[in-house]
Amino acid sequence: MASPEGTDGEGMGCCGWFQVEAIVERKTGDTISDDESEEENETDTDVDGFIDNTLINNTQEDRETAQQLLQVQTAHADAQTLQKLKRKYIGSPLSDISNQQTVYREEVKRRLILSEDSGYGNTLETLETSQQVEYEKGNGCGSSQNGGSQNSNCSEHSVSNMDIDTNMETPTHQLQELFKSSNVQGRLHFKFKEVYGVPYTELVRTFKSDSTCCNDWICAIFGVNETLAEALKTILKPQCVYYHMQCLTCSWGVIVMMLIRYICGKNRKTITKSLSSILNVPQEQMLIQPPKLRSPAVALYFYKTAMSNISEVYGETPEWIQRQTQLQHSLQDNQFELSKMVQWAFDNEVTDDSQIAFLYAQLADIDSNAQAFLKSNMQAKYVKDCGIMCRHYKRAQQQQMNMCQWIKHICSKVDEGGDWKPIVQFLRYQGVDFISFLSYFKLFLQGTPKHNCLVLCGPPNTGKSCFAMSLINFFQGSVISFVNSQSHFWLQPLDNAKLGLLDDATDTCWRYIDDYLRNLLDGNPISLDRKHKQLVQIKCPPVIITTNVNPMQDAKLRYLHSRISVFKFENPFPLDNNGNPVYELSNVNWKCFFERTWSRLNLDNDEDKENNGDSIPTFRCVPEQNTRLL
């Protein structure tokens, strides 16, 4: 074998090393190169070359270099650990470079579909997204030149895209996108059906006006905070007598659906403002309509869901749910009886057909017969028949009463607490002798011949019509107008009255009375023409006539002078500073007036003295039911 390079002889071990050092360093007889400094070997510091002083000077620098290296290594290790965590919890990076182009195309397609072309801003965002994807594909994610760093960049890009997609699916973002929709109500109805499984329109009836009041409402509120939804159950208790609340969660957040009955009727505006302030939800995220009260399906839905654990129920169940879900209420549903409707109209003195229909329909919640009336297809016929029968009964009852019984009957319907003095003071203010007026008024109420007509005469604005109208209103009398004198039936209202009034008679009217109505002023029986009915013979009731013309001063009306009694009202009607009458001529005061002057007007009836009970018999048109057990 060849000897090792740089050795002569067979030096081995340490001896060989020193021999090599001696040979390499310098040989005997070699010339010293000019490049070498002779002074360097001749100095006294040749011994210093054996000690390396640079190690002592550079110790601090070596330590700092080691710390920097350690920091770099630690940061690299942390980056690798973080990358592993991202791959584990977020998703693996794009490891296959050949599939990167396909993956990015799918991502771009997904992001383009998610974006809505609803404005200039959204279009720019879509273009910027596509340009950014193409730029990243050209910078390394689509090539294989960057190795591991390329995988790291692609992983970070996929993580950022995933964060964007996650943010777009939040409930707040979806509700914001809802407001951009052209049909917000449609999307709310669709979401309600998707969550609750029943269409909202099947539970409610539509109120077009926001000002219509109702006690029962069905409210659906979308995107409610969960804490506020729980607090709503406590806040609503002082405002309502019943609520049925359900809270379900979806991608939009919490959807609250409740059937609520308020203490008093409220409209949609009031409810919307109240719930919006409590739940911090805009009005566009609410559906508020009244329920279908006559739908068995709606009643059954709330009845069954109230027994489940998803509902929170407070208060007593509404009667419209009980009536349609409980057997007891189902057995109580009867057929319609016209006699009960007539009895109700007679007791409440409702004789007008429109009032009968409207007021009786409002009793459907508490009256089974009214409910059966609403279910009937012959409501118009029932209303007409009820009005006719009620008017027949009222007329027959009135004809059976004399004037004393009638005054007692109408006084029983007026409240207590009146004062008779304002009426007397007003008569004295007009210069009317109260004793003379009371004497004639007694004969006037009895219908004495030649004393059947009382005339109030005087200048305008003296209170003639006010005094007469207040008395007619108390007596529930009838008013006739001379403007209808061309008709044969203008006196027909006197057929059903205990007292009549002809207001503001002129010269022409007095000529007509002098020509055709002398018997009417006498208080004798007259023949009265009625529309669509045969002629009827009646005794004309007492009549009050107000006029600005004094018939006693007209010689052409001399045949009427013995048939009428004139009281002059010459002073202006007194008013206070607020424009109210100084002397109040109300029903309560007239009641007190008749009670005070009852004996002076000779209204005591012999039949009443014999019968200590009620002189007016109680009318009853409903057959009595036998409640005895068989």
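Sequential numbering from 1, following the chain as shown.
Just so you know, glycine gets a Cβ as well, placed from its N, Cα and C.
Feature list (source: Swiss-Prot):
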{"type": "BINDING", "residues": "Gly458, Pro459, Pro460, Asn461, Thr462, Gly463, Lys464, Ser465", "note": "ATP binding site"}
{"type": "COMPBIAS", "residues": "32-46", "note": "compositional bias 'Acidic residues'"}
{"type": "COMPBIAS", "residues": "142-155", "note": "compositional bias 'Low complexity'"}
{"type": "COMPBIAS", "residues": "156-166", "note": "compositional bias 'Polar residues'"}
{"type": "CROSSLNK", "residues": "Lys539", "note": "SUMO cross-link"}
{"type": "DOMAIN", "residues": "432-582", "note": "domain 'SF3 helicase'"}
{"type": "MOD_RES", "residues": "Ser92", "note": "phosphoserine"}
{"type": "REGION", "residues": "26-46", "note": "region 'Disordered'"}
{"type": "REGION", "residues": "136-166", "note": "region 'Disordered'"}
{"type": "REGION", "residues": "167-333", "note": "region 'DNA-binding region'"}
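For Ser465 (ATP binding site), the count of additional Cβ atoms within 10 Å of its Cβ stands at 17 [all protein chains shown]. The predicted model assigns the domain 'SF3 helicase' (432-582) a mean pLDDT of 91.
If you draw a 10 Å sphere around the CB of Pro460 (ATP binding site), it holds 10 other CB atoms from the protein chains shown. Apart from the site residues Gly458, Pro459, Pro460, Asn461, Thr462, Gly463, Lys464, Ser465, the chain places the Cβ of Thr546, Asn548, Phe569, Pro572, Phe573 no farther than 8 Å from the centroid of the site's Cβ atoms, the recorded ATP location. Sequence-distant contacts of Asn461 (ATP binding site), defined by Cβ-Cβ distance under 8 angstroms and a gap of at least six in the same chain, are Pro572, Phe573. Here the Cβ of Lys539 (SUMO cross-link) has 10 other Cβ atoms within 10 Å, regardless of which shown protein chain they belong to.
Taking a C-beta cut-off of under 8 Å and a sequence gap of six or more, Gly463 (ATP binding site) has these contacts in its own chain: Phe426, Gln430, Phe569, Phe573. For Lys464 (ATP binding site), the same-chain residues that are 6 or more apart in sequence and have a Cβ closer than 8 Å to its Cβ are Leu456, Cys457, Gly458, Thr546, Phe569. Of the listed binding-site residues, namely Gly458, Pro459, the sparsest Cβ surroundings within 10 Å are found at Pro459. Each residue contributes its Cα atom, and for Thr462 (ATP binding site) and Lys539 (SUMO cross-link) those atoms are 32 Å apart. Separating the Cα atoms of Pro459 (ATP binding site) and the residue listed as 'SUMO cross-link' is a whole-number distance of 32 Å.
Cα of the residue listed as 'SUMO cross-link' to Cα of Pro460 (ATP binding site): a span of 32 Å.
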